[in-house]
Amino acid sequence: MRAAEDAAVAAGTSVDTLMRCAGEGIAAAVRRLAAGSDILVVCGPGNNGGDGSIAASVLHSQGFPVRIAATADPKTPAARNARDRWVGEVEPFAQARPAPILIDCLFGTGLSRALDDDLDTRMTELARDARLVIAADLPSGTDADAATAPDWARHAPVMVTLALGALKPAHVLHPAAAACGAVRLIDLGIDRPAAVTVAGTPDLPCPGPASHKYTRGMVAIVAGHMAGAARLAAVAALRSGAGYVALYGDGGQGGPDAIVHRPFDGDALSDARIGAILIGPGLGRDAVARDRLAALVAADAHPLVIDGDALHLLDLDAPARRTRPVVLTPHAGEFKALFGTPAGSLLDQARSAAARAGAIVVLKGPTTIVASAAATRVHPGGNPWLSTAGTGDVLAGTIAAQLAHPGADPLAAASAGTWLHARAGQLCGASFVADDLANALTPARAGA
Ligand SMILES: NC(=O)C1=CN([C@@H]2O[C@H](COP(=O)(O)OP(=O)(O)OC[C@H]3O[C@@H](n4cnc5c(N)ncnc54)[C@H](O)[C@@H]3O)[C@@H](O)[C@H]2O)[C@@H](O)CC1
């Protein structure tokens, strides 16, 4: 975002103009929410504080009862110009009187270290005394990239965060995202960078009159030690749109009769009608599993989804030698084991990992990130009840089904699968099991 602001400034848009847009946008949002109550705007020394000065001046000129409290004098030229517009007193932050509406403009993206204890304590007091806390750009003390949250926002929640110009990683990654409350984007009239792209409803293919089971996508799933995990993935693949799902190896008993069971052999998996192969759920980590994974990756015959146990057996240099796409679906622990801790925000880390592996990476978590080397799609707001055994197997099957569709773009397919999985999770509500989730993919798919 700072790069976008810098580019806008370099192209002739002054910081004062951007700040005016930001301040007016904040004032407009506050006007809708304040309902005539007293407003306290707390301002820091930088441009975030400048946004607050503009917002306060606009609100004052419109007759709203508004006061400013500041931690220090403005330190940037634009923030000084903004403060010059303010006609009222400026209260010292430490002694500021609370108000029912608190507008937090202490620090935004320029935060250079954690908040001092006295600032944090005073913010806690002011926020606790407020009926409504609104943060300009970020709750002060939030690291925009590392997505850490300040203590005060844990004690006295921010209801609304007004993201200025673009979403930053902290607006979508936890714990900061939880501390932001509802996030509203304020347009500053500058081009939004693609750093944070929240995935919208995917454009999913529907069968036409000429469709048959193979044109809808055939998914092959390699089963292993825990046959139930592979079966969950198989049900998910069927219910999320695949036309044909075959389990190779020991798929065990049970599951819908629509799932075809076959022995694992290299010839079967070279079937040209297969649209994508999934390996990993319940696979085990023995030598047989390792050999099967290595053979599939080397064969380069079909797009691959690699999940669970298979991520522990993967030679990370192998996907880049293939021509057909590979999707890796690690949770945080598997991600760290595979890639360590690359630099930057979690979004940067997922993109670096995708570049390193030559694969699409689906980094699973409360916010799931789908990344290629060049782009990320963010899926925030997953139902926390998804934290139950087997939901990862369901996700892997769902992604495999999207990838198996003829002509599928791997990043879009992985993102669509992640979206469907999250939607099914929402439909399930509370205290569900992975089998329910797999079944909920039918209504999730129908509603997309
Ligand atoms: N860059 C731009 O062109 C624009 C920026 N805007 C606003 O400006 C913000 C970024 O402004 P700045 O870069 O001035 O940064 P901030 O206003 O976030 O804070 C920077 C100031 O705070 C001090 N500081 C940082 N961490 C501190 C800490 N822990 N304790 C005490 N002091 C600390 C710094 O020394 C500096 O004086 C954005 O979040 C947004 O609100 C908007 O006005 C639109 C235009």
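Here the Cβ of each residue, glycine as well, is placed from N, Cα and C on the backbone.
Record check: TrEMBL places ALA229, HIS331, ASP393 at the (6S)-NADPHX site, and the matching candidate among GLY181, GLY282, GLY284 is GLY282.
Of all the binding-site residues listed (HIS331, LYS364), LYS364 sits in the most crowded Cβ setting, with the most other Cβ atoms within 10 Å. For THR367 (AMP binding site), the spatially nearest entry among the binding-site residues ALA229, GLY282, HIS331, ASP393 is HIS331, judged by CA separation. Sitting within 8 Å of the Cβ centre of LYS364, GLY365, PRO366, THR367, THR368, GLY392, and not among those site residues for AMP, are the Cβ atoms of HIS331, ALA332, LEU363, ILE369, HIS379, GLY382. Assigned with DSSP, the residues of the domain 'Rhodanese' (24-77) fall into helix, strand and coil as follows: 27 helix, 10 strand, 17 coil. Annotation note: LYS364 (AMP binding site) sits in a strand segment as assigned by DSSP. Sorted by the number of other CB atoms within 10 A, the binding-site residues THR367, THR368 start with THR367, the lowest.
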